[in-house]
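J.: Below is a structure I'd like to ask you about.
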Amino acid sequence: MKTLLLTLVVVTIVCLDLGYTRRCFITPDVRSERCPPGQEVCYTKTWCDGFCSSRGKRVDLGCAATCPTPKKKGIDIICCSKDNCNTFPKWP
C-alpha cells in the first residue's frame with residue numbers, strides 16, 4: 001500500500017512539472033503571457049530608430065528558446081529565465 005501511494009505521489013509530481021511553461025512579458029501590450037512550449041527564456045530587446053532622440057529607445061519583450069543575438073550594431077538584448085523577469089525598462 002505504501003509503495004502504491006509513493007508511486008502515485010511521484011507520478012503526480014512528474015506530471016505537474018511537465019506541464020509548466022515560462023511566463024514572460026510580451027509586447028506590444030506589455031502583458032504577462034505563457035510562453036509556447038520549448039521557449040523558456042524571456043528577453044528584452046532595445047534599439048534606437050529615427051525617433052530615438054524624442055521618444056527614447058524602442059522596446060521589444062518576448063519569449064525565446066535561446067537568447068536572441070543582435071543582428072545589427074546598436075541593438076541591446078538582455079535575457080533571463082525566471083517568470084516575468086523581462087520587465088519594461090525604466091529610463092532616467
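The backbone N, Cα and C atoms fix where each Cβ goes, and this holds for glycine too.
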J.: In Swiss-Prot, Cys67 is paired in a disulfide bond with which of Cys63, Cys79?
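T.: According to Swiss-Prot, the disulfide partner of Cys67 among Cys63, Cys79 is Cys79.
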J.: In Swiss-Prot, Cys80 is disulphide-linked to which residue out of Cys63, Cys85?
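T.: In Swiss-Prot, Cys80 forms its disulfide bond with Cys85.
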J.: According to Swiss-Prot, Cys48 takes part in a disulfide bond; indicate which of Cys42, Cys52 is its partner.
T.: Cys52
J.: State the disulphide partner of Cys42 as given in Swiss-Prot, choosing from Cys15, Cys24.
T.: Cys24
J.: Counting other Cβ atoms within 10 Å of each Cβ, which of the disulfide-bonded residues Cys35, Cys42, Cys80 scores lowest?
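T.: Each of the disulfide-bonded residues Cys35, Cys42, Cys80 was scored by Cβ atoms within 10 Å; lowest is Cys80.
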J.: To the nearest whole angstrom, what is the C-alpha distance linking Cys35 (disulfide bond) and Cys48 (disulfide bond)?
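T.: For Cys35 (disulfide bond) versus Cys48 (disulfide bond), the Cα atoms are 26 Å apart.
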J.: What is the one among the disulfide-bonded residues Cys24, Cys63, Cys67, Cys85 whose Cβ has the most other Cβ atoms less than or equal to 10 Å away?
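T.: Compared across Cys24, Cys63, Cys67, Cys85, the most Cβ atoms within 10 Å surround Cys24.
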J.: For Cys85 (disulfide bond) and Cys79 (disulfide bond), what Cα-Cα distance in Å is obtained after rounding to a whole number?
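T.: Here the two Cα atoms are 9 Å apart.
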